[in-house]
């Protein structure tokens, strides 16, 4: 019984995602300059990170106490080498970071700084050493219990009974009035969006990639009385996975399920009488969710394959605009099929194509709209405008304007606050118009990857990505997001995230951990079933694979990552006990 008390901090790690509580953080210095309003009203990340760190501290105390009592010896594992390297690069990147406090604590709404990242490595170390063979099932049961709670909350959210939203709205307005004297933020998740207590539906996708795969494989392979329980859990997890409409989570889960069926096809066939009814239930759930949402979720999932096909073709709802830049007196708008150029003076405007030939256009004197007759450029609307007597062009993409004004110093962007902002040339990778793929993720990657040239040895610091992303890429944001005011604070890729924040060497250390685990566990994946722990190993193995695939499109966040690293530690623990 005493040993179970030592396990308590590790058991409670699985309940960290359920923590939701308000925290108002007054931002100072550089953070104040990049965060709208100067105050971060956090409900989903700050206290999750603090609870996680407290549990890690208690876990270390338990480890040291047991070492002092000589109740066990620390197990050697080759994985400690890349873990140590990764933790070292996290610490060094923090020490040499320009934004040390952010690197240590974390960026607003994320709070996954150095303390938390090192905590992940300590968590794996604790699970490898404190958890005995008989304790593995206890931790998995804790994971399943917390998953059920998260899943039930998400289930009710889909049916518009959102207890989390009700709580936040009851606190957010008075919170803002207290700190800034006015309401500037409204919490409005998408209708029927399943985000549970994880902040965003994308993170539900990553979480359910773990929970669904584990519960599904346990259901298929387990032969005891728990099969019915695993079936119920699997259904709840699947409902949340589809309800989250996270294509990253669905893709990761789909790949993991296909590989599991291909590798363990004999077990699947042996249990086909259980597999087929469950598959039918999954189909019914998908159809139900899709019908209730008016086909939205089906379109969302279908867009995953549309994105793949669009890699080789022009994308739907694309204006064709690729860049806006200046050449002397010319304001150039580059499209897929050519350029429209404006040469503006106080009393006239000249419009030419990419070859300098005059373009014909109609002019509406009342609205001051220029209507080019060349169909290559009709996806946008163009208006002549003036700001403080300076002439300019206002373009509209169907939902928002972008105004460019010609001053004595050249062309500038007119911000919402009516400030004139210089047009900057942004270093980027040209993806030939495919930047919209993955909900504009490719656009973010195109601006993020060039940053990696500066982080070969050390990164900029944990959670400092937002300071180095070219936030002044107003043109790119307008083209791909339809707005210039959005703050890009994450790359939507956990590997690019680490390459920039921790450095290339840190990313290599991280990848070596995963490669080592998959390599060492490969034989058990193919071997004939031995016992319950073998089944647990298989389920965790494919769940980790699903999560890492989802990580190509999602970031590491404190709402999900502690659970992932706990399961990773359990997986390594099972390998050491084989």
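Note that Cβ sites are derived from N, Cα and C of the backbone, with glycine treated the same way.
Taken verbatim from TrEMBL:
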DOMAIN    418-510  domain 'O-antigen ligase-related'
TRANSMEM  46-65  transmembrane segment
TRANSMEM  77-99  transmembrane segment
TRANSMEM  111-131  transmembrane segment
TRANSMEM  138-159  transmembrane segment
TRANSMEM  204-221  transmembrane segment
TRANSMEM  228-243  transmembrane segment
TRANSMEM  249-265  transmembrane segment
TRANSMEM  272-289  transmembrane segment
TRANSMEM  499-519  transmembrane segment
TRANSMEM  535-553  transmembrane segment
TRANSMEM  559-576  transmembrane segment
Remote residues contacting the transmembrane segment (272-289) - C-beta distance under 8 A, at least 6 residues beyond either end = 158, 216, 219-220, 227, 231, 234-235, 238-239, 242-243, 297-298
Counting only pairs at least 6 apart in sequence, do the transmembrane segment (228-243) and the transmembrane segment (535-553) share 3+ Cβ pairs under 8 Å?
-> no
Local confidence of the prediction over the domain 'O-antigen ligase-related' (418-510), expressed as mean pLDDT | 93
By DSSP, what is the split of the domain 'O-antigen ligase-related' (418-510) into helix, strand and coil residues?
-> 45 helix, 3 strand, 45 coil
Selection from 111-131, 138-159, 204-221, 249-265, the stretch that has most Cβ pairs under 8 A to the transmembrane segment (559-576) | 111-131
Going along the chain, which residues at least six beyond the ends of the transmembrane segment (204-221) come within the CB cut-off of under 8 Å?
-> 17, 140, 143-144, 147, 150-151, 154, 194-196, 198, 227, 230-231, 233-234, 237-238, 240-241, 243-244, 246-250, 252-253, 256-257, 260, 264, 267-268, 271, 274-275, 278, 529, 535-536, 538-540, 542-544, 546-547, 549-551, 554, 557, 559-560, 563-564, 567
Taking residues 6+ outside the transmembrane segment (46-65), which of them lie with a CB under 8 Å of any CB in it?
-> 5-6, 8-10, 12-13, 16-17, 19-21, 23, 25, 106, 111-113, 115-116, 119, 122-123, 126, 129-130, 558-559, 562
